[in-house]
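Following: one structure in structure tokens, then a few remarks.
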Amino acid sequence: MFFGGGTPSLMSPRLVARILRAADRAWGIGEGTEITLEANPTSSEAGRFRGYRDAGVNRLSIGVQSLRDPDLRRLGRLHSAAEALRTIEIASRSFDRTSFDLIYARQDQTPEAWRIELEQALSLNPSHLALYQLTIEAGTAFGARFDAGKLPGLPGDDRAADLWHLTQEVTQAHGLPAYEISNHARPGAESRHNLTYWRGGDWAGIGPGAHGRLTLDGRRIATETPLAPGEWLHAAEAGRATVHLPEDEPAEILLMMGLRLREGVDLARYDALGGPPLACLPELIGDGLLRREGDRLSLTDEGRPLLNAILSRLLA
Amino acid sequence: MTDLAHIRNFSIVAHIDHGKSTLADRLIQETNTVSERDMKEQLLDAMDIERERGITIKANTVRIEYTARDGEDYVLNLIDTPGHVDFAYEVSRSMRAVEGSLLVVDSTQGVEAQTLANVYQAIDADHEIVPVFNKIDLPASDIDRVAEQVEDVIGIDASGAIPVSAKTGEGIREVLEAIVTRLPAPKGAPDAPLKAMLVDSWYDAYLGVIVLVRVIDGTLKKGARVRFMSNGAVHGVDRVGVFRPTMQDVGELGPGEIGFLTASIKQVRDTRVGDTITTEKHGATEPLPGFKPSQPVVFCGLFPVDNAEFEDLRDAIDKLALNDASFSHEMETSAALGFGFRCGFLGLLHLEVIRDRIEREYGIDLVTTAPSVIYHVHMRDGSMIELHNPADMPDPTLVDHIEEPRIKATILVPDEYLGDVLKLCQDRRGIQEDLTYAGSRAMVVYDLPLNEVVFDFYDRLKSVTKGYASFDYQMTGYRQDNLVKMQILVNEEPVDALSIMVHRDRAESRGRAMCEKLKDLIPRHMFKIPIQAAIGGKVIARETLAALRKDVTAKCYGGDVSRKKKLLDKQKAGKKKMRQFGKVDIPQEAFISALKMDG
Ligand SMILES: Nc1nc2c(ncn2[C@@H]2O[C@H](COP(=O)(O)OP(=O)(O)OP(=O)(O)O)[C@@H](O)[C@H]2O)c(=O)[nH]1
Ligand SMILES: [Mg+2]
């Protein structure tokens, strides 16, 4: 179970408990089920952590983003680095499993500065870390500022690649290798929920703007709900909050998602979903970018940072 | 039939944008040839591409009727001509059909290169010339200065020049009077055997080929059987008429008149510009002197980005060629680009116009290869090959020498930019032939190799002179020089579509520039890519495009189907605008952009 998107840590622990009880009544929550809640690193939210644990939550995922105040401001975050550190501290007292995220390849960030910040993060002993490279996307506020030349000092391709390799090296040395492009964990501490996405499993998406994937009568279905809370509530009360859509190109999406994982993707399943032949496969294997063991196809360490380029060759 | 004394025929000529078509509008309007309702700006620029670019490409003929101050009714045939140098041929053939020219000079700009070129043509054609100083409504208009330039630079009398505003209509009556009083009436004998000059022809989906004629002697009648003297073909005349500016039938056209005929002719190629049309029986025995057809001077390959669209491209090119005899094409195959066409054009603007029309009107994405001129390759065995495509260059050990086409270029430029212009011409292997001043403007004449001009000379000239220079050229002939074929190798493989002919002394710098350009134009791949320029087997320039090191989406979770699909499509789409050479994808615009020179 995963409470995420928006800011679920604004919910009262009591509401979380009621939702979990309802879910248990509906489906039964098994022993050892991973129940994650996303939280922001502010003190008011940290005050509710113990309550969440008592309600049944057993994993916390904290949106830290940076341990440097100037960068937090540039990223438009409201919390400070001190608050973030304190929140992680409090969380680790209540939960065995905490995860937090950091964004790197930021403006003016040197490899040395990132190494120090990353080692500081690892010294907090998280069992799971999400480490994203800052991506400027068209159509976002960041994208507009970037286009207007207001984001100087972002790394070019080469420096971004250096930062990537540094990240792999440091996390590996601390026992948190990447199990997915941007996700690192101690072996066994991977996010079971997120693995579902990358492994092409089923999940039910509930609440405003939630997406899901279900296999119904052997066919894979994508589900969607209204984004506006009021509208969703209205629809939910009328029993028609969820719309079903066929999933387009399921094989391609399986490949695109599955290759993100270190464990790779099952080619037999790709074929079963009707995926087009992968003509460039031998060449990419020969170039040392992909590895094939039986039906398992995965990226090599060289191939991992080039996933998009590899996909565009595979799927061309 | 109008009697000769009441006919005046003239062309409107000028430098680009000096207001020819706008002046034609006013003449059409002042004589009530077109109803107010049907009037629009640059009425005669009817093609989409003309309206969009605001330029004239095809010459257009209109018959207008004018009652002069002497009380007599006159028939005036005006031909509006294009100003751009690529379409100079339209001007020269139009001039053959008329006795006089209105020389329009923008009084805010003065005499420019095409003003000069057109005057010389008009003088050659024995025209009476009436200078018209246009755009006097603009504050920058300076009639005295322009008059001085006309006298100094061109050397014709400017005292009778008529100041006008083709925009407001001021001075238009004076222009009409001058046409009647100062231009000569045509000569000709109505009872002599028919001699009609074939001035132009084009294809119409409903009527077949429409032939524009100027009757010199005799009478062209509807229903007559006529002979085209160059090939002896005989046709029955279906329609005879005039342009007002829409087609209007008349029973016959007499001497001095300009109009059209249709005769169920299927292809423009069956009508030769400059040909003489006479009657099948009792026809003329001696044809008119005629004039040379236009010759394409710039060649390039056009290939569909998507090989599957080759047949569509063939169709599009066939249709365009129906209407444009100055555009040549033949099938070409390229190792890298597959099937396409080698096409010949009058110049780069002409090339652009055709390419634009294929892409837009027919929806075919094109790869355009490096433009080339025709080289004369003299072989050791004494034979000569006309080389249109560097890819076809024979084994150099069999070649004795190579000649390239040269041009005489005339450039008018304000003093302050003269240095830059001289440098540009020098860099392009030019030989200065003349340099004179008129006021604060210089006129330079250079002998230049056409291959140095064909591609981006005009763009460069505009940029080094901030648009203040004007340029005109004529082909002069062929001259031997030290020319070699330069190949470009991408990832060790020659890309034939990037081969160019180049002067040996310029090869290193061109090669280096092309490799540097390609390094920027080709996206990084997952391996490093050497980019080399070579002559024969010898590499003369080299760049290395570093391997891509990182290309991965940072965040990708469950969620939104459409987002995911977008990501997927983005990964596939990048390829669409690329051509694959071995393992390397080259963007289609690279083939042209790689050749642009910055200096
Ligand atoms: N102010 C002003 N503008 C004018 C006048 N005559 C023409 N123009 C403008 O000048 C521009 C060029 O006019 P055209 O009539 O298309 O010029 P052209 O000589 O036919 O151009 P090409 O056929 O391309 O060589 C247009 O924007 C006209 O509106 C004039 O008397 N006064
Ligand atoms: Mg015009």
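Placement of Cβ uses the backbone N, Cα and C atoms for every residue, glycine included.
The following features are taken from TrEMBL:
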- B:5-187: domain 'Tr-type G' (DOMAIN)
- B:D17, B:H18, B:G19, B:K20, B:S21, B:T22, B:N134, B:K135, B:I136, B:D137: GTP binding site (BINDING)
Between all pairs in B:D17, B:H18, B:G19, B:K20, B:S21, B:T22, B:N134, B:K135, B:I136, B:D137 (listed as GTP binders), what's the biggest Cα distance, rounded to the nearest Å?
17
So what's the mean pLDDT when you look at the domain 'Tr-type G' (B:5-187)?
94
Of the binding-site residues B:S21, B:N134, B:I136, which ones put their CB under 6 Å from ligand 1?
B:S21, B:N134
Test of understanding: give the count of other CB atoms lying within 10 angstroms of the CB of B:D17 (GTP binding site).
17
May I ask you to report the DSSP-based helix, strand or coil state of B:D17 (GTP binding site)?
coil
Can you list which of these binding-site residues (B:D17, B:G19, B:S21, B:N134, B:I136) have a Cβ closer than 6 Å to ligand 2?
B:S21
Could you list the residues of the same chain, at least six apart in sequence, whose Cβ is under 8 A from the Cβ of B:S21 (GTP binding site)?
B:Q42, B:L43, B:L44, B:D45, B:T56, B:D80
Enumerate same-chain residues with a sequence separation of six or more from B:I136 (GTP binding site) and a Cβ-Cβ distance below 8 A; give 'none' if the list is empty.
B:S107, B:I143, B:P163, B:V164, B:S165, B:E170, B:G171
Fewest Cβ neighbours within 10 Å, where candidates are the binding-site residues B:G19, B:N134:
B:G19
DSSP three-state assignment for B:I136 (GTP binding site):
coil
